[in-house]
Amino acid sequence: MSLAVCPGSFDPLTLGHVDVVRRARSMFDEVVVGIARNSAKSPLLAAEHRVALAREAFAADPGVRVEVVPGLLADFVREVGAVAVVKGLRGGADFDGELPMALMNRHLTGVETVFVVGDPALAHIASSLVKDVARFAGPIDDLVPPGVADAVRAAWAARA
Ligand code: PNS
C-alpha cells in the first residue's frame, strides 16, 4: 500500500489545498494531511482547530486522514511510513519556495517530493490572502471549505 503525506500550515485550509489532496489521493492509496509548524509563520488558528476543520473537510474522502506533525516533517514521514511528500504548485514562486524544502527532506529521509499542479481556477487562492480578505471583512466563503470561513472570521474577531 502506498502512502503519501501532504504537509502544510493549512492556516486556513483552502479549496486549493483540498484540490491538491484529492489529486494526491488519486495517485496514492492513502494520504495523510499533515498539519505542520512553519517557523516563518505565526498561525491565526491553533493547530488542533486546523486539524478539526481539515477532518471535517475530508470526512467523506476515503483514504484521507488528518494528523498533527509535532516536529520535523522528515521524522513524521518516517513514522507514518510515507513513500512520498506531495505539495501543490500554483506557479514559479511556489516552486522556488518548495525546492529547498524538498531537497532538505530528501537529504534527511531519502523520501521524494512529488509536485502536483492544481486546478488553475483555484490558483488565486492562498491562505495568506484568505486571512487578509477576511481581516478586512471581505467575502471568503467561496475560497474555503464549509466551516472554515466562520472559523477565520471568529479568530479575527477574537483578536480585535
Ligand atoms: O503551508 P506551508 O507553510 O508552505 O508548509 C510548510 C511546512 C509547514 C510543510 C514546512 O514548514 C514544514 O515542513 N514544517 C515542519 C518542520 C520542518 O520539518 N521543517 C523543515 C522543512 S525542510
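Cβ coordinates come from backbone N, Cα and C, glycine included.
All TrEMBL annotations are machine predictions without curation.
Database features, via TrEMBL:
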type: BINDING; residues: S9, F10, H17, G88, L89, R90, E98, L122, A123, H124, I125, A126, S127, S128; note: ATP binding site
type: BINDING; residues: S9, K41, L73, K87; note: substrate binding site
type: DOMAIN; residues: 5-131; note: domain 'Cytidyltransferase-like'
type: SITE; residues: H17; note: site 'Transition state stabilizer'
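Proximity to K87 (substrate binding site), judged by a C-alpha distance within 10 Å, picks out H17, E98 from the binding-site residues S9, H17, E98, A123, I125, S127. A separation of roughly 12 Å, to the nearest angstrom, links the Cα atoms of L73 (substrate binding site) and S9 (ATP binding site). Figure note: comparing Cβ neighbours within 10 Å for the binding-site residues H17, K41, K87, the maximum is reached by H17.
Most buried of the binding-site residues L89, A123, I125, judged by other Cβ atoms within 10 Å, is I125.
For the domain 'Cytidyltransferase-like' (5-131), the DSSP counts in helix, strand and coil order read 56 helix, 27 strand, 44 coil. Ligand 1 lies under 6 Å from the Cβ of the following binding-site residues, listed in sequence order from S9, L73, L89, E98, I125: S9, L73.
A separation of roughly 18 Å, to the nearest angstrom, links the Cα atoms of I125 (ATP binding site) and K41 (substrate binding site).
Other Cβ atoms within 10 Å of the Cβ of L73 (substrate binding site) number 22 in total over all chains. For K41 (substrate binding site), the binding-site residues whose C-alpha atoms fall inside a 10 Å radius of its own C-alpha are S9, out of S9, H17, L89. Taking each Cβ in turn and tallying the other Cβ atoms within 10 Å, the top scorer among the binding-site residues S9, S127 is S127. Averaged over the domain 'Cytidyltransferase-like' (5-131), the predicted model reaches a pLDDT of 98. Within 10 Å of the C-beta of E98 (ATP binding site) there are 16 other C-beta atoms, taking all protein chains into account.
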